[in-house]
Amino acid sequence: MAEHEHEHEFEGGEEELEAPKDSLWRDEHAMEKSANIVYFLTLGIVAGLILREINKKTKFPYSPMILSLGILIGLLQKSLGYIGESASILSKMHPHLIVFVFIPVLLFESAFNCDWYTFKYQMVNILLLAGPGCGWGAILLGGIFKLVLQYDDNDMTWYQAFTLGSVLSATDPVAVVALLKELGASLAFNHLIEGEALLNDGVAMVFFIFFNKFSKAQSGKGEAVTASQVVINFVRNSLVGPALGLVLGILAALWTKRILGDDIEVTWLTFVFTYLTFYWAEFCFFKTSGLLAVVGLGLFWSAFGKTRIRSSVEHSVHTVWGFVQYSCDTLVFVLVGIIVGTQVIEETFIHKSDYIRMIVFYFFMILARFIMILTFWPFLRCFGYPISKPEFIVLVYGGLRGALGLTLSLMVGCDEELPARFRHLSVFYAAGMAAITNLINGTTCKALVQYLEMIENPVVKKKVYKKYLEELIVNSQDKMRELESDQFYSMADWNQVNQLIGQPKFIEKIEKLETEIKYMVGSNKVAANSSNLYEGLTDQEIFGEVRYRIYRILKGLYYDKFEYGLCEEDTVRLLVESSDIGLDHTKSILNIWDQLYKNFLNFSSVNFFLKVKEIPLIGSFAKEYMIKHLGFVYDVTTTYLSCANEALHLTDSFPMGKDAVRLVMEEMSREIEKAEGYLGILNDTFPEIVRAIQTKRASHSILTHQRHYLDDTQQNGLVDEKEYQLLKKEINNRLVDLENHQFEMILPSFHVLAMEFPIFSGLISTDLDNIIKSAYEKRFGCDEIIYEQGMTCQNIFIISKGNVVDEFQGGSIKKGLGSLISYTNLIGEGTCMSTAKATADSLLYSLNLKILKDLMQRNPEFEFKIYINSIEYLRKMFESQAGPLANLEIKRLLDFFRTKSKLKKITQNQKCDFIFGGYLFRGELKDINNKVYPQYSYIPPQETECLVSKDAICLVFDDQVDSLNNQMLKQLDLDPHKDQQISERYSQIKRTSIQDKKKHH
């Protein structure tokens, strides 16, 4: 033992003055270098923020500016002190590290934030451009290097040329996409460009790896590659990667499903699964493409994962990812620029002729992209949204090069198995094309788009924008008048305030718009400052504006439903997206339902899931998916029908010609009929599933209402913080339990159905038993008459399965699963007021009319329910007497009756007040002017009492029913008199502004 100790002492003595190091020893100098690197990266973000502000002011593309900054730092690093030292350390960073750390984040963020519905429609075109298009583009670019630029085998072999072609085939059109969004290009075209860039990043790396392997095999520095290996590797990289991303996306979504109200956990979960997906795909499992796996993960989250994130958390998640994306994008360009700049200093392999060749290559690169897209042009026109010729040109010109191409070129540059000349050429061309395409294409694309007139800007849109600016000025002046009366603003310089809020600039914009409008429509047709927005327009333009307003109204109504918890997040996304698509195609007839229907599984697929739901293991997943999908379909269909019917009733406020409005409303009615037909089939085919869906949907709406109510009371100080948190947690837990609840998919017996039927709620058990005992099942075939108008009425019916249409003079009403037909037979005089027939094989429960009428006499609450529900029929049967009730959405109307009306029975010669109006079911009334109101009439608000000339049954309102319509018109900014008022007030403000300007001078 002693000998060994002496030996160690002797060995330690040989290390001269260096002290022995233990496991806790750290190099202080290395620590200082680490601090410098952190300091440098922080400065990089700060520099990025400065350049971001420059981008806002000058519209100069951000990417080339930050890349140029990195190159400049790399070139000047020796004279930059600590910054230069840090840059020197970073310039030695392996490019794989950039791929591993930054690229997964950038790809996931782009995929996660894409609009899935539009992306899905464009999927075939995106796959064509990003898959075979990317490969064909790489081959074309490789051919240009060898055949046009005449690089011989000493510079690069054919396989090396194809490798470099793969590097340069990856597009990164961030600047172009941002520009197109700013100019108002169609969402579909934006997604085509963005989707191609998203997928071809991963595909380009796959082709890069393949051609690089062929290149090394050819030079004898790598293993030989067989055809079978090529096929296996291609399938493994291009298909297995996205599939792994999909599987991990499902796991992440299931985890997120259990989280409520925890921003931090949900955000971290998205980050963790992004990196796990990349590393598991790239290194652990199938050695597949980690980038394509991340793209698959991001697209799954865009399609399905977002709906698992609660709205209260979603904003936080997107904010964090937006920050991370910006930071990573900035640092990637800075780091790549530093590496390129450092190599330029030490460059001995690039000749002067290469700079000339690079300029020539830029033009041939655009030509190669033109040939690539032209090759697939016949297919691009057949799938997805049609591409116009101007969009084709912009698609060619907008193929900018960016971060991934630069990173791949650096991977080539540090691969010592490749010739030095080729390695340096790869970095040279990738950096050059990134800089040139961003500086030239990115800055001139706007002029190209405007020259091609790719984005339509019709006169109607200009007039609408002009009207909006006028309204903004009027609104600002109203706020100014309000502040002028405030003592704390009594010394303000209001002339200067006008200048500071930009009022003169807004007036100049309006005058410019007036000139443009006058030029577009012709001075002999209409004055540009005409208060009528639609004067001088063609029929097609007016029809387009009607459709524009319809889509805008629908969007507002969709959001309104969502805010009140009446539909789910994925539902409102799809519905709003359908409106956005329609807003890009206002020249075409309304095609709303077909856009929505594309997102539904056909019934044969649903039946397949029904068959496999009993199979062990996969059965539970099939059942859950089936309920989830049909729940989504039901939610979309019913929400659309509710909003579309309400939109129909708001068209009277449109300022356009009634003929134009009527024709577009006919288009709308046809869309509603399609949706109603689909809903009828859904109810008829899957009644047990619809019951489960309705139960879940009702529970979700009420829990959402509870959460909103709790938030409101907490903000108003009506509940303590401790109690608020406990209740919030309890409601959130119930929402989680609801998501995971397993519903029984069986139809209930009539006994159960009767106990749950809304109008029977609150009845005592004996009354309910009498109804149930008298009921019996009755089946009707398709087109079989259930009852006819005028016949003696003995029964009413509840639909248990199938669909029924109730017809009467002047119209009809369709009813499906769970509906009662008809309330009017209960309030009538013993005869049927309509004709009902089954539109499909139907199962109905027949209820004894006499028992229900006796119950109405004994139970005022039950009677009240029957009468208010009958108005859905009565307002259509007697439309000329319905007044404003005829044009109100039925759900809002019934809510109004339930909360703001009373049922009264008044004998002859008595008087009754109708201060806010009412509705007469039976009898006859006379107002002070002896105007007679027969039964089934709306009674407008009366200042004096009305005389009952025949025994009457009526509703007396506690508020004006017009307030419902006015409230919705105001909410959707559809006041029919508003345009004229705004125009008059703006003219007055403009005259005052001109007078003040003259006084000032």
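If you go along the chain as it appears here, the first residue is 1 and each next one adds 1.
Even glycines carry a Cβ here, placed using N, Cα and C.
Listed features, source TrEMBL:
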type     : residues : note
DOMAIN   : 759-873  : domain 'Cyclic nucleotide-binding'
TRANSMEM : 37-54    : transmembrane segment
TRANSMEM : 66-84    : transmembrane segment
TRANSMEM : 96-114   : transmembrane segment
TRANSMEM : 126-145  : transmembrane segment
TRANSMEM : 157-180  : transmembrane segment
TRANSMEM : 192-211  : transmembrane segment
TRANSMEM : 231-254  : transmembrane segment
TRANSMEM : 266-283  : transmembrane segment
TRANSMEM : 289-307  : transmembrane segment
TRANSMEM : 319-339  : transmembrane segment
TRANSMEM : 359-380  : transmembrane segment
TRANSMEM : 392-413  : transmembrane segment
Average pLDDT across the domain 'Cyclic nucleotide-binding' (759-873), rounded to a whole number: 86
Summary of DSSP states over the domain 'Cyclic nucleotide-binding' (759-873), given as helix, strand and coil counts: 41 helix, 40 strand, 34 coil
Touch test for the transmembrane segment (126-145) and the transmembrane segment (359-380), at least 3 Cβ pairs under 8 Å: yes
Surrounding residues of the transmembrane segment (96-114) on its own chain - C-beta under 8 Å, 6+ positions past either end: 191, 194-195, 197-198, 201-202, 270-271, 274-275, 277-279, 290-291, 294-295, 297-299, 301-302, 305-306, 318, 321-322, 324-325, 328-329, 331-332, 335-336, 403-404, 407, 410-411
Considering the transmembrane segment (266-283), which listed stretch of 192-211, 289-307, 319-339, 359-380 counts the most C-beta pairs under 8 Å: 289-307
Segment proximity, the transmembrane segment (392-413) to the transmembrane segment (359-380), 3 or more C-beta pairs under 8 Å: yes
Stretch-level contact, the transmembrane segment (319-339) and the transmembrane segment (66-84), CB cutoff 8 A, at least 3 pairs: yes
Winner by Cβ pairs under 8 Å against the transmembrane segment (192-211), considering only 66-84, 231-254, 289-307, 392-413: 289-307
Most Cβ pairs under 8 Å with the transmembrane segment (231-254), selected from 66-84, 289-307, 392-413: 289-307
